[in-house]
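Enquirer: As listed in TrEMBL for this protein:
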- 133-228: domain 'FecR protein' (DOMAIN)
- 290-358: domain 'Protein FecR C-terminal' (DOMAIN)
- 99-119: transmembrane segment (TRANSMEM)
Amino acid sequence: MNHKRIWELMGRKLAREASAEELQELDRLLRAHPDLHFPVETITDIWKTDPGADDRAAGEDAHRRLISRMQEKGIDIGLSFEEQQTAIFQLEAQERKSWWRYVAAAVVAGGLITAAWWWRPVGKPTSPLALNEVVTKNGSRTAVHLPDGSQVWLNAGSKLTYNKDFGNGNRDITLTGEAFFEVAKNAEYPFVIHTTRMDVKVLGTRFNVRAYPGEKVTEAALIQGSIEASLHNRPGERIILRPAEKIVITDEKSHQEHTKNNEPVMEVRHLTYYEENTEAIVETSWMENKLVFRDESFVSLAARMERWYGVTIHFSDPQLEQLRFTGVFAQETIQQALKALQMTAVFNYSIHGTDIIINQ
């Protein structure tokens, strides 16, 4: 029922007929269903780029336009026309006077189709390789439905690797980058994520893992359930996390004064909320299409912006790398993001295609 309500509210929002209370309800529902952020975002983008989306055509025409736009983007619909029409007729039968219902009809059908796209299985390998590999480029994200029923959302610049017999006797995967997991329960075979610094073991839960190569920090943030983490260089030590906690492993180079034998520092911290009186947390903000940063160095933020926007950022002066910023980027372009940063720090920049030079 919640999913249907989300699509109905999306229809009202796109038709610009949603009340403030309905927009708040939609926001609450989307926070409770992070798996729908990508489908909702995709439908919104497609609808906005459709020049005829604001006319008062019938719901069937709106639906056809939406499907056409999705096909132009290379999205395989995966549903028959009759299956798509079912959602339309169910809504149109309720009331034919209000324009938002026509929009909702197209959004509901589009939502089902987009969900089929986002949640499609990655498929069996066409060659006798031992591994399946899913890769996201900078500036893009993707969703993966694993054979055991688990769902994974990969952030930009990430790679997920798993054996072709995944789910049959093992549930081990290797992650490079960042991903959000909703793991299907299986008491017999625990789900294990391997990263360069640690392994994360779960039975069934929702959590986020960040392990980008070259970054000083590796972390696992628990949303629901429980996870067990262990460092590769401390095989006998296990850390059990509770909801709203995260394990943070920091490279020895930034904490040498607190370490012996140049070992990484392992800490358990609470999750960080970036909006008061909400459940919006920094660790999974990328799932809501937000780039959130808190007292972060420019060089660290630049690495995240490179993945977020699909660009390459160069610093002409090492001192600029140490500037620190706090903020949130949502719908901003790379130019708008850089101008926003200039409001709190003195620097200049020049853009040459996908290369950006930061200078004094």
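Note: Cβ is positioned from N, Cα and C throughout, glycine not excepted.
How buried are the listed features, and what sits near them?
Expert: Secondary structure of the domain 'FecR protein' (133-228) per DSSP (helix as H, G, I; strand as E, B; remaining residues coil): 0 helix, 52 strand, 44 coil.
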Enquirer: Over the span of the domain 'Protein FecR C-terminal' (290-358), count residues by DSSP class, listing helix, strand and coil in order.
Expert: 26 helix, 26 strand, 17 coil
